[in-house]
Amino acid sequence: MERGKKKRISNKLQQTFHHSKEPTFLINQAGLLSSDSYSSLSPETESVNPGENIKTDTQKKRPGTVILSKLSSRRIISESQLSPPVIPARRPGFRVCYICGREFGSQSIAIHEPQCLQKWHIENSKLPKHLRRPEPSKPQSLSSSGSYSLQATNEAAFQSAQAQLLPCESCGRTFLPDHLLVHHRSCKPKGEGPRAPHSNSSDHLTGLKKACSGTPARPRTVICYICGKEFGTLSLPIHEPKCLEKWKMENDRLPVELHQPLPQKPQPLPNAQSSQAGPNQAQLVFCPHCSRIFTSDRLLVHQRSCKTHPYGPKYQNLNLGSKGGLKEYTNSKQQRNRAAPSVTDKVIHATQDALGEPGGALCL
């Protein structure tokens with residue numbers, strides 16, 4: 001009986017070991033299974049004592065097993081995830097330039113500062129004397145521990161750059177000196193009248209213009225004496241021969257009565273007013289209908305669309321400057337008015353004929 005019970009118990013344990021999903025191992029440890037219970041549960045194996053020979057069944061050999069639960073593996077994984085790896089900073093912090101206030105890398109700030117300081121000296125020398133500023137000094141900021149702090153250094157550099165800005169007299173906003181002139185053109189203070197003129201406003205603006213005009217002014221233009229268009233002083237000598245050749249070709253195409261003499265180049269005056277004069281006045285022709293002035297080649301184009309006088313070609317050919325011609329035109333107009341009956345007379349005569357009262361008065 002006892003032997004049958006032991007076999008059933010061992011078979012059940014083997015079935016549970018085979019059906020379980022976890023890897024299972026059995027070891028003979030003190031405190032887990034006693035020697036009697038272990039021998040009763042697994043009759044095929046015997047307890048192992050050091051110094052004795054191992055006696056096992058040659059038909060069924062089974063290694064010692066250890067039971068590992070899932071909970072222990074989860075604890076090991078969770079313990080390894082408690083300390084994540086430290087990711088270093090991707091790039092160093094920016095440094096603020098104490099002259100212009102812009103940000104640069106720690107390597108490029110050393111290259112930028114000498115160039116920025118040189119540019120500052122050039123712009124400061126162009127300003128008027130009352131707008132010139134002292135050379136900015138590089139701030140040296142120390143932390144409480146006596147070491148340099150990047151944040152404190154950047155803050156001091158930014159304050160140094162902001163100290164170079166000039167306030168606007170109207171709105172109070174701050175600008176760089178070269179940008180202040182551009183702002184003055186469009187500055188409209190709110191709720192205030194026109195701003196008070198500067199004591200030396202003309203000198204002030206002139207000085208700012210000279211200081212801030214980094215680009216050269218527009219070159220002076222000269223007007224061509226043939227076509228009247230504006231050209232630069234360097235391009236005008238190239239244009240005039242071509243324009244004169246073109247003028248000759250267009251003049252040859254005109255009718256004989258509209259031919260113009262060759263335009264003469266005006267002599268330069270000492271006050272340099274010749275550059276502002278238009279084309280030669282000898283080239284201009286009056287329209288006989290509307291008295292507008294055109295060049296000879298444009299007059300033909302204008303006459304196609306010119307609205308002639310409503311009284312016809314007789315009035316156009318009439319010389320209004322002579323008194324006889326004007327009287328003749330006035331007398332002819334009066335005769336036409338007398339000969340032609342008015343519309344009212346026609347209506348009255350038609351009504352009288354309908355009533356059978358010729359020559360009678362119409363009573364209304």
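Here the Cβ of each residue, glycine as well, is placed from N, Cα and C on the backbone.
If you check Swiss-Prot, you get these features:
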type: BINDING; residues: CYS97, CYS100, HIS112, CYS116; note: Zn(2+) 1 binding site
type: BINDING; residues: CYS168, CYS171, HIS183, CYS187; note: Zn(2+) 2 binding site
type: BINDING; residues: CYS224, CYS227, HIS239, CYS243; note: Zn(2+) 3 binding site
type: BINDING; residues: CYS287, CYS290, HIS302, CYS306; note: Zn(2+) 4 binding site
type: COMPBIAS; residues: 1-10; note: compositional bias 'Basic residues'
type: COMPBIAS; residues: 138-147; note: compositional bias 'Low complexity'
type: REGION; residues: 1-21; note: region 'Disordered'
type: REGION; residues: 37-60; note: region 'Disordered'
type: REGION; residues: 127-147; note: region 'Disordered'
type: REGION; residues: 187-214; note: region 'Disordered'
type: ZN_FING; residues: 93-122; note: zinc finger
type: ZN_FING; residues: 164-193; note: zinc finger
type: ZN_FING; residues: 220-249; note: zinc finger
type: ZN_FING; residues: 283-312; note: zinc finger
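Model confidence over the zinc finger (93-122) is summarised by a mean pLDDT of 86. Taking the mean position of the Cβ atoms of CYS224, CYS227, HIS239, CYS243 as the Zn(2+) 3 site, the remaining same-chain residues with a Cβ inside 8 Å of that point are TYR225, ILE226, GLY228, LYS229, PHE231, LEU236, GLU240, LYS242, LEU244. Under DSSP, residues within the zinc finger (164-193) fall into helix, strand and coil as 10 helix, 4 strand, 16 coil. HIS239 (Zn(2+) 3 binding site) sits 40 Å from HIS183 (Zn(2+) 2 binding site), counting Cα to Cα. A Cα-Cα distance of 17 Å separates CYS227 (Zn(2+) 3 binding site) from HIS302 (Zn(2+) 4 binding site).
Same-chain residues with CB within 8 A of the center of the CYS97, CYS100, HIS112, CYS116 CB atoms, the Zn(2+) 1 site residues themselves not counted, are TYR98, ILE99, GLY101, ARG102, PHE104, ILE109, GLU113, GLN115, LEU117. Per DSSP, the secondary structure of the zinc finger (220-249) breaks down as 14 helix, 6 strand, 10 coil.
Cβ neighbour density within 10 Å is lowest for CYS168 among the binding-site residues CYS97, CYS168. Residue counts for the zinc finger (93-122) under DSSP (helix as H, G, I; strand as E, B; rest coil) come to 14 helix, 4 strand, 12 coil.
Geometry remark: CYS306 (Zn(2+) 4 binding site) versus HIS183 (Zn(2+) 2 binding site), CA distance 50 Å. Look at the binding-site residues CYS100, CYS243, CYS290 and count other Cβ atoms within 10 Å of each Cβ; CYS290 has the fewest. Annotated Zn(2+) 4 site CYS287, CYS290, HIS302, CYS306; additional same-chain residues within 8 Å of its Cβ mean position, judged by their own Cβ, are PRO288, HIS289, SER291, ARG292, PHE294, LEU299, GLN303, SER305. For CYS287 (Zn(2+) 4 binding site), the same-chain residues that are 6 or more apart in sequence and have a Cβ closer than 8 Å to its Cβ are ILE293, PHE294, LEU299, HIS302, GLN303, CYS306.
Counting every protein chain shown, the Cβ of HIS239 (Zn(2+) 3 binding site) has 16 other Cβ atoms within 10 Å.
Counting every protein chain shown, 17 other Cβ atoms lie within 10 Å of the Cβ of CYS116 (Zn(2+) 1 binding site).
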